[in-house]
Structure formats: C-alpha cells, structure tokens
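Got a structure for you, written out below as structure tokens; questions coming shortly.
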Amino acid sequence: MLRRLLERPCTLALLVGSQLAVMMYLSLGGFRSLSALFGRDPGPTFDYSHPHDVYSNLSHLPGAPGAAGAPLAQVLPDCPERSPFLVGPVSVSFSPVPSLAEIVERNPRVESGGRYRPAGCEPRSRTAIIVPHRAREHHLRLLLYHLHPFLQRQQLAYGIYVIHQAGNGTFNRAKLLNVGVREALRDEEWDCLFLHDVDLLPENDHNLYVCDPRGPRHVAVAMNKFGYSLPYPQYFGGVSALTPDQYLKMNGFPNEYWGWGGEDDDIATRVRLAGMKISRPPTSVGHYKMVKHRGDKGNEENPHRFDLLVRTQNSWTQDGMNSLTYRLLARELGPLYTNITADIGTDPRGPRAPSGPRYPPGSSQAFRQEMLQRRPPARPGPLPTANHTAPHGSH
C-alpha cells in the first residue's frame, strides 16, 4: 500500500514540495523560532572576534563636542526604542588601568554624581546603576571607563552609585545593594535599578540597561568565567535589573549574608516566592568579561549560607528592606559617580562554624534545586514603599 502511494507522481511531488518548504522556512529564520519553542532563543548573531572600541560613535551623539546640537523645541521627542548609535560587541581590556582624570576627559557630558541625560530626545528609561564596593579601586576605574560610553550610546538617563562598605569587617554585598537602592530612590524616582558587580564589564551594547515591567531581569547570562553560559538555570548573580516596585515586592535583598556565596540563590528564591519570574536577554547579547582577581580578605566563603537558604521561604518577608539599618557616613558627588559610604555593622555570628545541618562539598547545586522547588508560603502583608524611612537613628 505504502509502496504504491510512493510510486504515484502526485505523492512524490507533495513530498518534494514539503521538503523544499521546510528548507525555505529554516533558511528564513524558522530555526530561531523552533529554538524559542524548545529551548533558549540564542538571539541574533554577533561577531565577537572583531569588537568595536568602547568609545565608538560617542562623538556622533547629539550635544557631543563637534556634533549637531539639541533642537531648541521645548518638547523633545522620545528617544528611539533602540538607539541608532549602538555598535554591538565592544572591546574589553584590563590594562592599562585608566586614571579617573582620563575617564573624566573622555566623558565630557557626564555631570556631577555620574549623571547623564541624552540631548535631543526624551529618554525612555531613567536607570540607576548601583555598585557594591570595597578595596577594588582598579576594578572600579575599569568599570567606569567602560560603562559610561556604553550607556551613553543607549540614550538612557542614568546615574552611577558606588556603595562603599566602611571598615574592615566581613563584606556584605546584598546589604550594600539595599543601602544603594534606598539612597538612590531618595534622589530620584528611577524607572530601573541595575545591581552591578564591580568586576563585570558588558561586551555588547545591544544589552540594554532597561527593566522588564513583567519581572526581574538577570542580565549577565554569558560570562567568560562560566564559558559564556549559565552555570545553572536559577543563577541570578553578577548583574540584575528590577523596577523599584519589583524590588520592594520581594522585600529587596537579604541582609544576613556576610561573606561570599548564598545571597544570589536567596534572591532567586525571593523572586519566585513573590510571584514573579526571571527574564533574560539572549545568550548572544548578555556577554560579560570578569576582571581577574584573587580572593578578597574579608570576603571569604560564607559558612552559614546553606543554613540561611533553608530559612528563606520563612524569612524573606522579615529580612530585607523592611529590616535594613545602617549609618550613612558620607555622600559625595564625584565627577563620575555618587559615592555612598555606609557603616552596615558586622556579622553578629562571627567566623565560628555554623550550627545545624552541614552539607558536603559539591552539594550546592542539588541544594539550590531543592530550595527553589519548595512551595511558597502565604502571601505576606504590604512591604515598604520607595519613600519608606529608616528607623530613628539609622538610615
């Protein structure tokens, strides 16, 4: 029966036509659609072997020295959704480390406090870049040199905040980010909060520093440290973006993670428990290079992280922005960034070994999966709003 069908001319013509149609579909981008259905969309193709200089096209921006000035009209048009000044992959070099004076000279339109606003059009996003920091001056200069032109080409209104932890106690990245969010929101009603590690430099300016109104974005999806792929599906470290409402809906970040490790997985769990989902740019776009460095004194591996992660689903509504206390020591408007120096206290547990369950080396990924699959508790009551004030005697 099948043989007789295949011998008919009309059947053969139908099979050949179907094959040609499939080939045509794939050649016109259908493969990308199938990838989106059955896996992560790899996104557009970029040639990272021939990157552009990170300062490319900066002189072409309206209002730049030598460029056409901004129109005199009182009402400016909206900036395009995708800036015409983008170049794609940009070169990232770790040496020589530029001086602050050199960075200022190359970014003449950046204003006091690290603020920038495009000329000639109304920006579609006001983005605050918040960088936790301590004893990484070379890394900070590399980031500032790289990030300012990167963001200007995207035609965003932005400000860079560097949150400096005072003292020599154990580093607390997540708590510093909470401090940065609160201080940034006191300055302006930002549309988007970009939480940015100091040692990560973006490699593609099509990776737009804007938020997704549908949910938190994890932006550093392809780091050279991990072979330009995600280390595990729920990873939320490096660079992330949230609207102020999203940040407050999940009660910000935890304050109790002193030292290296654990807070990223706590944050990913908070996103889910708050009823939100993580989105990401295509892998081909979210490329980052990490500045090489040795382990930091005061940022040793956190021995308590697994015990804290066990409690996340019960503690996230009590530990975060609504429990944040710190002492503001300085607020300085530098030419390239706003410096916030804060005393955030010290680890109340000290360096002693944790109590409770212990987990063998190599079990962290299985542990993450277990934590992220637990059912959320009942929805909490209202969390603090962006204009929430700190307890008396603290910020």
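Every residue gets a Cβ built from N, Cα and C, even glycine.
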CYS121, CYS211: which one closes the disulfide with CYS192 in Swiss-Prot?
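In Swiss-Prot, CYS192 forms its recorded disulfide with CYS211.
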Of the cysteines CYS10, CYS79, which is paired with CYS121 in the disulfide recorded by Swiss-Prot?
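Between CYS121 and the options CYS10, CYS79, Swiss-Prot records the bond with CYS79.
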Could you round the CA separation between ASP265 (N-acetyl-D-glucosamine binding site) and ARG136 (UDP-alpha-D-galactose binding site) to a whole angstrom and send it over?
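That separation, Cα to Cα, works out to 24 Å.
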Based on DSSP, name the secondary structure state of ASP264 (N-acetyl-D-glucosamine binding site): helix, strand or coil.
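ASP264 (N-acetyl-D-glucosamine binding site) sits in a helix per DSSP.
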List the same-chain residues at least 6 positions away in sequence whose Cβ sits under 8 Å from the Cβ of ASP264 (N-acetyl-D-glucosamine binding site), in sequence order, or say none.
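Within the chain, ASP264 (N-acetyl-D-glucosamine binding site) has Cβ neighbours under 8 Å at TYR235, PHE236, GLY237.
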Between the recorded positions CYS79, CYS121, VAL198, CYS211, whose Cβ has more other Cβ atoms within 10 Å than any of the rest?
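Compared across CYS79, CYS121, VAL198, CYS211, the most Cβ atoms within 10 Å surround CYS211.
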State the count of C-beta atoms found within 10 angstroms of the C-beta of PRO132 (UDP-alpha-D-galactose binding site), not counting that atom itself.
24
